[in-house]
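K.L.:
Sharing a structure, written as structure tokens. Questions coming.
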Amino acid sequence: MSKILELRNVNKIYGTEIKNQVLYDINLSFEEGSFNSIIGQSGSGKSTLLNIIGTLDKATSGDVYIEGRDIKKMSINQLADYRNKTIGFVFQFHYLLPEFTALENVLMPYRIQNGKVSKEIVRKAEEIMNLVGLEKVKNNMATKMSGGQQQRTAIARALINNPRIILADEPTGNLDSDSTETIYELLRNINEEYKTTFLIITHDRRIAEKADRIVEIKDGKINLDIKK
Amino acid sequence: MKLGFRIALRFLKSNKGQTLLIILGIAIGVSVQIFIGSLIQGLQKGLIDKTIGTSSQITISSQDGNLNTKDYEEFIEVIRKEDREMEAISVALDNAALMDYKENSQSLLVRGFELNVADGIYDIFDRIVEGTYPKNDNEIILGIDLKEEYDMALQEEVTINTAEQKVHSFKVVGFFDFKVSSLNTGWGITTLQTAQNIFATGDVISSIELQLKEDSVFLADEIAENIKKDINREDIKIVNWKEQNESLLSGLQGQSISSYMIQVFVMISVVLGIASVLAITVIQKSKQIGILKAMGIRNVSSSYIFLFEGLILGFFGAILGIVLGLGLSFAFTKFALNPDGTPVIDLYINYSFIMISGIIALLASAFAAMIPAAKSSRLNPIDIIRNN
Ligand SMILES: Nc1ncnc2c1ncn2[C@@H]1O[C@H](COP(=O)(O)OP(=O)(O)OP(=O)(O)O)[C@@H](O)[C@H]1O
Ligand SMILES: [Mg+2]
């Protein structure tokens, strides 16, 4: 299997005067189609790492390669397109667009890519939403849903463009253990069916243990890296 | 682009109160502009109409005395060949005379017209408030002011004494009212034929008078210049209304400039208003822009959102503004009336001016949206994603 993601000597320092180093010389690579979990204490640097991989944030030093390409060499538009097509994000604070319905939110990455939506893609969006249990609320405004429903909408949105990589920051943080289980099964199925690579930050030990690999971050360094 | 429009529309819809407020702001600006523009244009048109609407705008005469037939027919031929069509071309034979009525004596300018043609300039037929117009020899019409002063009646006789001490008897067949007292006391109008007879001039006239089509009124000086070139004779004198009314013209110009100033400042305040509101909108919507960027919307597309917001606001603002402006204008002509029921000022509703005002508002809105659009293009998604 090939490496779809690779980090070489990645450092992240916040602040210019009072320097706050959050990541120290991270060297990591992820196989295509693997299902990885990232764990660590609050404040250890997990979200920072994920945002750097997702090209939202920039490493202070070091290199990030995605599908073998150095992201430093990519233009702003290339990065935007890469975020749209190759990556599906599920953010820690789910972040839906409050002016749009759940279904419209799910379709948004597709619209960004194609301008307009076809009947087939709407059907696909509805299927994904059914899978995550949102059939009843798909036409609700994003704000008129529970926290868990919003989170599931964000997961459906990350899946709509069939990305090769899914970066999820505590995607089941707001869900009860049964729903967590269902969502996890769903993600695992997608991983197996489409060979989508998953990087999932989680506090949930049970989820972490079901992954192919567990990476533990501690104080900005890799403390543990267990592959099954 | 389409996505930008969609999102813009949704943003505006999701914040209806604010949207309506900006639209109203633009609309008020546009309506004030239309109202003031129509008012000033109406005022100016009224003034010009009153001043030169019923008088000769270009007058061609000879330096020394009268023009004979051969000359003036040739001149009229030249005038007809001008690029600009004339509203009316009329000839007149003017002579000073003394009029006697009962024991009163009054100096009079006796004007001999071909009445059908002269009507094109002076609206003579409409100006006759009593009686009819002179058709036969030795018929004359006089001003309403003379009638009142001397208590005259229709069909009465007056005598006209020419400079050559000839005495002619005339029948008064009508009274006119030109709304200008010097004309209402000083003019006597008769047929060209009669004038040529009593002053024993033969087949001559004293001047050719021209009225220009409405859209070339302000080109009177150029047209006069062209005619002068074409006629090309030293002894021919051509005057146009602009050289005769310089103070009126500079007054009008001053008025136009102040009207433009008002309109420019109204527009500036509209632009500033939209720009500041949209700038706030970018901040209000920065979370959404951040999310969209994290999902891969390009910077250009994210700036389209605000450009479209500007255009949509400008479009509806302009339309509402035009409706309000026209409403305000019509209300003004309906309710601001003179005692006799005519409007104090006839507004001039110039549809191309109104269209232009609307389009300017639209462009101004798009322009005002540039700053927020640029701001949104610069927004970095990580700042949103990180800071919840
Ligand atoms: N913009 C910033 N400026 C300065 N320091 C920051 C900034 N963002 C994050 N940090 C610091 O970086 C460290 C790592 O933050 P990060 O969000 O990556 O933690 P995390 O592992 O995701 O924690 P959690 O589990 O609570 O989400 C924290 O100590 C935080 O205070
Ligand atoms: Mg985090």
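Positions of Cβ are set from backbone N, Cα and C atoms, glycine also.
According to TrEMBL, the protein has these features:
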type	residues	note
DOMAIN	B:19-215	domain 'MacB-like periplasmic core'
DOMAIN	B:262-381	domain 'ABC3 transporter permease C-terminal'
TRANSMEM	B:20-40	transmembrane segment
TRANSMEM	B:260-283	transmembrane segment
TRANSMEM	B:304-328	transmembrane segment
TRANSMEM	B:348-371	transmembrane segment
K.L.:
Report, as numbers and ranges, which residues of the same chain sit near the transmembrane segment (B:304-328): CB under 8 Å and 6 or more residues beyond its ends.
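P.N.:
Sequence-distant neighbours of the transmembrane segment (B:304-328): 1, 3-5, 7-9, 11-12, 19, 22-35, 38, 270, 274, 278, 281-282, 289, 349, 354, 357-359, 361-370, 372-373, 375-376.
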K.L.:
Per DSSP, what is the residue tally for the domain 'ABC3 transporter permease C-terminal' (B:262-381) in helix, strand and coil?
P.N.:
97 helix, 2 strand, 21 coil
K.L.:
So what's near the transmembrane segment (B:260-283) in sequence-distant terms, Cβ-Cβ under 8 Å and 6+ beyond its ends?
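P.N.:
For the transmembrane segment (B:260-283), the list is 11, 15, 18, 21-22, 25-26, 29-30, 32-33, 36-37, 289, 306, 309-310, 313-314, 317, 357, 360-361, 364-365, 367-369, 371-372, 375-376, 379.
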K.L.:
Per-residue pLDDT averaged over the domain 'MacB-like periplasmic core' (B:19-215) comes to what?
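P.N.:
Mean pLDDT across the domain 'MacB-like periplasmic core' (B:19-215) comes out at 88.
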